[in-house]
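First up is the structure itself, then whatever we jot down about it.
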Amino acid sequence: MLCVNVELKERSYPISIGEGLLQDASSYPLKSGDKVMIVSNPTVASYYLETVRKTLTTIGCSVESVLLPDGEKYKTLESLNLIFTALLKHNHGRDTTIIALGGGVIGDVAGFAAASYQRGVRFIQIPTTLLAQVDSSVGGKTAVNHELGKNMIGAFYQPSAVIIDTLTLNTLPKREVNAGLAEVIKYGTILDYPFFEWLEAHIDELVALNQESLKYCIARCCQIKADVVARDETEKGDRALLNLGHTFGHAIETHLGYGNWLHGEAVAVGSMMAAALSELLGDLSVEDVARLEKLFARANLPTVSPDAMQPEDYLPHMMRDKKVLAGKLRLVLLKSLGQAYVAADTDKELVLTAIRRCTQCD
Ligand code: NAD
Ligand code: GLY
């Protein structure tokens, strides 16, 4: 088993990464008599709920569960309320532990429930998508969507442990695996050139779900994220770097309607746009951009704008990004592969030129 620690003083916590951890009682920081509420959805529950329940029962925990409907469109206050209702019905007090068993949607909603139920209860993440294992389960961002905006209601609330069983990826649809790889590639691109090179050598193994490569890769991504979060927990500075490609990507997701393109697919194209812009600014070479494009393509990810979107469609969406300050666009760009920075007030014409470069018919 590999272990990464998120260092946040008294709120520090371990991330355990290994095969078969769901069945391993020693990977859960729980003891006999603990009360637990597992939050999941019917898809994930059909594969893994009984395994987790059985392990926790062996420890001597009393276990209840609540299933939320599956999908981003259910990342809502209504789903949050389903969790509160289940907790209250079963008399869970402040000493309860909420466990998120699922992808980023379940993790974000269950985390916000843990942050707010009786002003905060213990929280454990068991992420089951690659995206959740390398990104959303680590770092304490929790949220639900509002009809007027994604992730608009939430809290920073760290889990007390993250348990990553890499075997759960065997049941994940391939398209979701690939979408998770977009976030993996992001880490190497923004902060870790040696990891970028490692990905160039091992991306095919990751696509094929080779367990050894996956464990190394997930641990590396978690370590990079843990370091960033330890430096800047509430995104006053460096944490924004984790959003490479996200401002362009959110424009794609919003324009096409949530669910048409997966988040990771939109981030891949968005990262290509950020790379094109970095090339226009003289920081990346043509070869650097081609290397990034090849890596995304080998992970079966798109690298050009969707057909249904015109270059001019992007900017109105991008101006609503959380990073916009005083009406000025702030974008994560690249000084080189492995070195990102936040660019304040990038020229909009140049942004448009970069978007055009990543458009099919350009
Ligand atoms: P998701 O949670 O919707 O999961 C994708 C699909 O895979 C779902 O249908 C789910 O039921 C299914 N699934 C999950 N695990 C499975 C498994 N092992 N086998 C079979 N099917 C499985 O999507 P996601 O990509 O994991 O997460 C996206 C969400 O994460 C978004 O809401 C996004 O805002 C959030 N997010 C949060 C952070 C953060 O820091 N908190 C970071 C990135 C993304
Ligand atoms: N996924 C970006 C962050 O956690 O900050």
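Think of each number as a place in line: the chain as shown, counted from 1.
Cβ from N, Cα, C; glycine included.
Residues H246, H263 are recorded by TrEMBL as Zn(2+) binders, and the candidate that the same record lists for that site, out of E183, E197, E312, E349, is E183. Recorded residues K73 (NAD(+) binding site) and H263 (Zn(2+) binding site) have their alpha carbons 13 Å apart, per Cα-Cα distance. Cβ atoms within 8 Å of the centroid of the Cβ atoms of E183, H246, H263 (the Zn(2+) site) belong to the same-chain residues L131, D135, A182, K186, N243, G245, G249, G264, A266, V267, site residues excluded. Among the binding-site residues K73, E183, H246, no residue has its Cβ under 6 Å from any atom of ligand 1. The binding-site residues considered are T129, T168, T171; of these, T171 has the fewest other C-beta atoms within 10 angstroms of its C-beta.
Around the Cβ of K73 (NAD(+) binding site), the number of neighbouring Cβ atoms within 10 Å comes to 12. Ranking the binding-site residues D70, E183 by the number of CB atoms within 10 A of their own CB puts E183 at the top.
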